[in-house]
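S.K.: This structure is in structure tokens; I'll ask about it shortly.
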Amino acid sequence: MTLEVIGISVLWLFLFGYIIVASIDFGAGFFSVYSHWANQQHILHRIIQRYLSPVWEVTNVFLVFFFVGIVGFFPKTAYYYGSILLVPASIAIVLLAIRGSYYAFHTYGETERNWYLLAYGLTGLFIPASLSIVLTISEGGFVEESAAGVALDYGKLFASPLSWSVVLLSVTSVLYISAVFLTYYADAAGDEQARALLRRYALLWSGPTMLSALLIIYQLRYHNPEHYDNLWNVAWMLVISFLFFVITVWLLGRQRRFGWAFIALLFQYAFAFYAYGISHYPYLLYPYLTIYDGFTNETMAMALIVAFIAGLLLLIPSLYLLMRLFLFNKAYVKGKWEGGKG
Amino acid sequence: MNGYDPVLLSRILTELTLTVHIIYATIGVGVPLMIAIAQWVGIRKNDMHYILLARRWTRGFVITVAVGVVTGTAIGLQLSLLWPNFMQLAGQVISLPLFMETFAFFFEAIFLGIYLYTWDRFKNQKKHLLLLIPVAIGSSASAMFITMVNAFMNTPQGFELKNGELVNIDPIVAMFNPAMPTKVAHVLATSYMTSAFVLASIAAWHLWKGNRHIYHRKALHLTMKTAFIFSVASALVGDLSGKFLAEYQPEKLAAAEWHFETSSHAPLILFGTLEEDNEVKYALEIPYALSILAHNHPAAVVTGLNDIPEDERPPLYIHYLFDMMVTIGVFLMVVAAVYWLGSIFRWKWTAKNWFFGLLVAGGPLAMIAIEAGWYLAEVGRQPWILRGYMKTAEGATTSAHVDTMLVLFCLLYIVLVIASATVLIRMFRRNPVERELEERANRGEVAP
């Protein structure tokens, strides 16, 4: 394995981590607001709050990790993506800012504002939509390079069916991933009412995610034939991904082993996400930038990898502690132990 | 395009983001230490007042951390969005500390989450205090790493430029560049100092309004003592920063001091205004002081602006920023010293209302000094973004939408600043100290 491949694999892993934890967070926010609006707040509110409270900051860090890491390993991405993403990324920052601050103000400041609550729920869908645009752009065809620099063709981007399919997949995935996780979480908390509702949401969103994924593959054939052909080389990964999808839906349908249902979902997304990433290789941005011509020098790459390993040695025990104290602490999950907040 | 200047707009947008972020970042670095001190004193003296102080500060702290996180994410991305050419070049040498900063912050975020939700979970308060240590270390370490990047922009090293390509890159040498020690020390010391003054302002505010509860007296005493210690530290490091500048960035020192001609026995110019043809009026001149500040010797030669190429001189208005920073710093150090002496010798006038009023102003003043200091540091590096290698104008984006984004972020920051301030005020008004003390006393907690 070359340093380039190690670098991009590590980053891809972080992006995958972000997609999972952020989806849970975004979807939970949306369900929480939806239930407020549909007068079912009493069912979902407590379970969602209990999960989100101690972990919200951690979610954001995964994203920061990814973009700091990609500029570190591939400094040329700063030039290409930095130049073209000013508008979409700025919009994403604003949405993330509104969402993050609202969450803290609401939870710790105990303020209640309806318009802010609405913004919180909607940003949960708009953020993944605006971030997923980056994946569409990476397929090429929307960027023009001239002597003045690189620029994004917004007209083409918005008119492209591919970008809308990617948006669709990101939004439906957020709702699906989140619902499956929260079903498991509600089950662990012994909250049957919440579990039943969330299980319904999970089943409701399972089909649409699969359909929009198929739609993307179909459109890729016309938009980026090279990528489409490469995708066939890893078709076996997509098949495995689909089998895990079937397992999740089957377990949810049988109403048992919700934890395994979520683990199967993790594998489903991991296989699909890596199949996409591997077939995208070696391009970071079709056709301008590959991982080889965008790579940093060897010394920096080694330094980053060493820092990364040292950092993980510090973080994994800390994350384990966080999980033991909250996410997987029976007393906490069941709400027996509420007191403690400063 | 009519007057559309992406370089100028990128500079304004970056300045705006940093102006907002630095307020929350300074609090984010300094307050965990203050909380730790209060909780530790509380445990040692078995005094619930200090424990409650730590609790209440923590509650407020979380709100400021939230805004610090989101504005920090903004600046992190804006570095690449607004300065793509700069990041493409500098990223090859200086991404290591940027990467490590993320780890430090991650570490801090995890333990802050745990600390916040485990106040009553441990029988032994000391165990809970232990959880705060990673928070304080994490926040100070992220300040250190990010300041290393800023130091690198001032004194880049750890690479060679050959035919437009960077070669012989050494990330460690780049991190430990000449600007690093003084800059990191100054950032940390002033963050602790400013946070202490901000918290002292809150206590002084209650006393000034006539609420003479012992809780507020204890709070003021603890914060003012800490503020004094870190003011002295900031001043000492500030002096070392002067010596660093004289050696490695003489143009910044010369512009800040309006030192036009290279000369020995250089006087330090304080205040004053600059007339046409660089004539200084109404200034206070301290003989030999600039030579002493720069080289520790009254006869030392200090480089003047005449030895700097004209197109590499920083704007001269940074002198006003320097004045502001130094005046406020010294003033606050004196105020804190007077307060301390007053409490030792039981002076009556330092417990008078007007003196509390003065202390109320301390927090905002300290924050103004922080802003002035950062403007001095950043504007003083102009016209360079990477001193000696890349001018600011070469680093900027060519995007056609920086103006719209500037408006967008203006609105965002207005909302964030107002919302965070209202949330904080309402949170503490709704739950006054007296009521909380009573509740805790009923549960059997003690205050001597």
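Cβ atoms here come from the backbone N, Cα and C positions, even for glycine.
TrEMBL entries are annotated by machine, without manual review.
Quick paste of what TrEMBL says about this protein:
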type: TRANSMEM; residues: A:6-34; note: transmembrane segment
type: TRANSMEM; residues: A:55-74; note: transmembrane segment
type: TRANSMEM; residues: A:80-105; note: transmembrane segment
type: TRANSMEM; residues: A:117-137; note: transmembrane segment
type: TRANSMEM; residues: A:162-186; note: transmembrane segment
type: TRANSMEM; residues: A:198-220; note: transmembrane segment
type: TRANSMEM; residues: A:232-252; note: transmembrane segment
type: TRANSMEM; residues: A:259-279; note: transmembrane segment
type: TRANSMEM; residues: A:299-322; note: transmembrane segment
S.K.: Other than its close neighbours in sequence, what residues sit by the transmembrane segment (A:117-137), given a CB gap under 8 Å and a spacing of at least six beyond its ends?
M.R.: 22-23, 25-30, 32-34, 36, 81, 84-85, 88-89, 91-92, 95-96, 98-99, 102-103, 106, 143, 152, 157, 160, 162-163, 166-167, 169-171, 173-174, 285
S.K.: At a threshold of under 8 Å on Cβ distances, which of A:162-186, A:232-252, A:299-322 pairs most often with the transmembrane segment (A:55-74)?
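M.R.: Comparing A:162-186, A:232-252, A:299-322 against the transmembrane segment (A:55-74), the winner is A:299-322.
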S.K.: Which of A:198-220, A:232-252, A:299-322 has the most Cβ pairs closer than 8 Å to the transmembrane segment (A:6-34)?
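M.R.: Answer, by Cβ pair count: A:299-322.
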S.K.: Which range out of A:162-186, A:198-220, A:299-322 gives the transmembrane segment (A:232-252) the most CB pairs under 8 Å?
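M.R.: By Cβ pairs under 8 Å, A:198-220 leads among A:162-186, A:198-220, A:299-322.
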